[in-house]
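Listed features, source Swiss-Prot:
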type	residues	note
BINDING	ARG41, GLY72, ASP93, MET136	S-adenosyl-L-methionine binding site
Amino acid sequence: MMNETRTTIDQDEIDRFSRIAAEWWNPKGKFRPLHQLNPTRLAYIREKICLAFNRDPVSLMPFENLKILDIGCGGGLLCEPMARLGAMVVGVDAAQTNIEVAKLHATQSDLSIDYRTTIAEALADKGEKFDIILNMEVVEHVADVNLFIAATAKMLKSQGVMFVSTLNRTWKAWGLAIVGAEYILRWLPKGTHDYKKFLKPQELKNLLSKNALTVIDEIGITYNPVNDSWNRSKDMDVNYLLLAKRP
């Protein structure tokens, strides 16, 4: 049964994203940074999944027969490209409004994606297993990160991989992701991020290791203001992504 006293839900976070749900598919709207970031993270995800599962990276549908979970899927910005690459995709989000937007857009795009309004621990209790879990820009928004990582790790099949991206707890991240992005450039609504919820890479690695997952790759993702683009980097001071595998 789902734990009655502990939950990953942060209702304030859910309410905040619910208020701007209609913006998900507007590339110039409140989720503009995610639209800009998407090509970089998609290229990395595709490359690493093909390596992990010995798939042809130039194939039109290299993810065929792979089951992917996108946890905290929002409006489906990652679910849709995963489905186009042939995967069986389950997208979950705690905000009903996000799921409604995602379902509508998938229908308009003629894509079959299993969208559900639920939370990590409730889904884990059902015993479903996935080849790949996308845990992208979510851990900094949950109420109990230990419970969240435990629940998501529980759903990963043997030899499966999980991508986890978040923000580092550094003054540089505070200055760029909060002061810069929310208050100066106003890319994101004020209050989108809580610095106390940022995790240092080693802290996240420890949580993954505690749940029998081994980190096999790590990258930083940095913003280049000159050409207004996001790129892979060795600099993990702000945005970073870990790739973990279950033996």
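Just so you know, glycine gets a Cβ as well, placed from its N, Cα and C.
Among the record's S-adenosyl-L-methionine binders, ARG41, GLY72, ASP93, MET136, no two C-alpha atoms are more than 20 Å apart, and one pair sits at exactly that spread. DSSP classifies ARG41 (S-adenosyl-L-methionine binding site) as helix under the three-state reduction. Ranked by Cβ neighbours within 10 A across all protein chains shown, the binding-site residues ARG41, ASP93 are led by ASP93.
DSSP gives GLY72 (S-adenosyl-L-methionine binding site) a coil state; it is part of no helix or strand. DSSP assigns ASP93 (S-adenosyl-L-methionine binding site) to a strand segment in the three-state reduction. Highest Cβ count within 10 Å among the binding-site residues GLY72, MET136: GLY72. When secondary structure is read from DSSP and collapsed to three states, MET136 (S-adenosyl-L-methionine binding site) falls in the strand class.
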